[in-house]
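S.K.: TrEMBL feature annotations, pasted as is:
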TRANSMEM  6-24  transmembrane segment
TRANSMEM  36-55  transmembrane segment
TRANSMEM  61-82  transmembrane segment
TRANSMEM  122-143  transmembrane segment
TRANSMEM  175-204  transmembrane segment
TRANSMEM  264-287  transmembrane segment
TRANSMEM  299-319  transmembrane segment
TRANSMEM  365-387  transmembrane segment
Amino acid sequence: MICIDSLHVSLNWFLLLIFGLWPYQQSVLVRLQLTILFSILTTFIVFQFTTFITSKCTFDLLINVLASVLFYIIFIITYGSFSINIEVVKDLLEQLQHMYNELSDENEINIIKKYGSNAKRYTATLLILSMSLTSVFTLYSFWPFMFDILFPINETRPHLGLLLVTEYFIDQEKYYYLILIHINAATFIGIITMLATGTIFIVYQQHACGMFRIASYRIEQAMAIDTLYKNNLIKETLIYKGLICAVDMHRKAMKFSDSSVSGFKVMFFLMIVAGVISTAINFFRLFQIVTFGYNIEKLLFPVIFLITNALYMFLGSYFGQKIMDHNNDVLVTVYNVRWYTAPLHIQKMILFLLQRGSKVFNLNIAGLFVGSFEGAATLVSATLSYFTVLHSTQSR
């Protein structure tokens, strides 16, 4: 078991728990909960594809359906992959707890607490943003119903048209609010699932950054010994021990960073492919709406889809870049310490650290994407390329 408070994962625990993804509580009822929530997402995707059964397949219809279907498929990929790899999530949390338990230096404990607190703040901020997005959509969908209750009139107010193309094979006017509940439930489950799974990765990456920072701190402390002791034998022994501890923490930080993505490579690969295509199609839809007849109702879903996809891509790239930067900081620390005053044997060990630190370390996902700002630029370029293809196809 882990200590939720020491790792600052109380919000993550709550978000994962309500969707049956917390690895320490996997009872039969939780598995049933997973099945029901997964079924809501799956059936909503199915009822969008069934539109092709009753309607003629045109370019516009295909774009409208795929714009939303791909977005919800990302939810399915995330939810399914996390439920399958629940043991990986558990193992990573236990690695963090084990690392935390091994720390004895007060300054090192404060460093890891600082990064844990940062992860908690990111989670809280993204939770507020996610709830705001889902609230706007829900209120917009149900405002005629709420107005009927708050300000009743003799005649029924007209319903808003459904913002997504669906085919339930029932009278959509008669069962309008039941369909809306299904759409809202699928959207809420999907967005909060993305939030819960995304923020646990933020926890992993922030703690990995803390481990790199501790490695830098240990190097600084080890080389500071040189000025405290005059006895060369004692000095060399203490410096050796300090540098060994620093190398060990650096190794653990790199291993943990790799482990946090390696168990989910298939998920990330599918999410990147679906996310790039979804962003391109929704950007194209937005372009169509603005260019060929501005309709604020039709803007709602493309805007929500684009914000969610862009935020996920940016945050993934940002935290991947932070891992690279913290690894580079270890190398900078080695350069900056007074290594030239250390004994010759210590200088040889520091040379080893410099050689190891000179190798680029990054989070590579299935050879397709590197978590960095450069990787984000690659995704944006790919998105614009797909958008250009769609625009040229329509223009013919």
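Each Cβ is built from the backbone N, Cα and C atoms, and glycine gets one as well.
The shown structure was predicted, so the numbers you read here are calculated from the model rather than taken from an experiment.
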S.K.: Under 8 Å between C-beta atoms and at least six residues away from its ends: which parts of the chain pack against the transmembrane segment (175-204)?
M.R.: 7-9, 11-12, 15-16, 18-19, 21, 37, 40-41, 43-44, 47, 71-72, 74-75, 78-79, 82, 89, 92, 96, 116, 119, 122-123, 126-127, 130, 133-134, 137-138, 141-142, 145, 159, 162-164, 166, 168, 256-257, 260, 308, 312, 315, 319
S.K.: Report, as numbers and ranges, every residue of the chain located at least six residues beyond the transmembrane segment (264-287) whose Cβ falls under 8 Å of a Cβ in that stretch; write 'none' if there are none.
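M.R.: Distant contacts of the transmembrane segment (264-287): 63-64, 66-67, 70-71, 73-74, 77-78, 81-82, 85, 88, 299, 302-303, 305-306, 309-310, 312-313, 365-366, 368-369, 379, 382-387, 390-391.
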S.K.: Please work out which recorded stretch in 6-24, 61-82, 122-143, 299-319, 365-387 has the most C-beta pairs separated by under 8 angstroms from the transmembrane segment (36-55)?
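M.R.: Looking only at 6-24, 61-82, 122-143, 299-319, 365-387, the most contacts with the transmembrane segment (36-55) come from 61-82.
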S.K.: List, by number or range, the same-chain residues at least 6 past the transmembrane segment (365-387) whose CB is under 8 A from its CB atoms?
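M.R.: Distant contacts of the transmembrane segment (365-387): 261, 265-266, 268-269, 272, 275-277, 279-281, 283-284, 287, 313-314, 316-321, 323-324.
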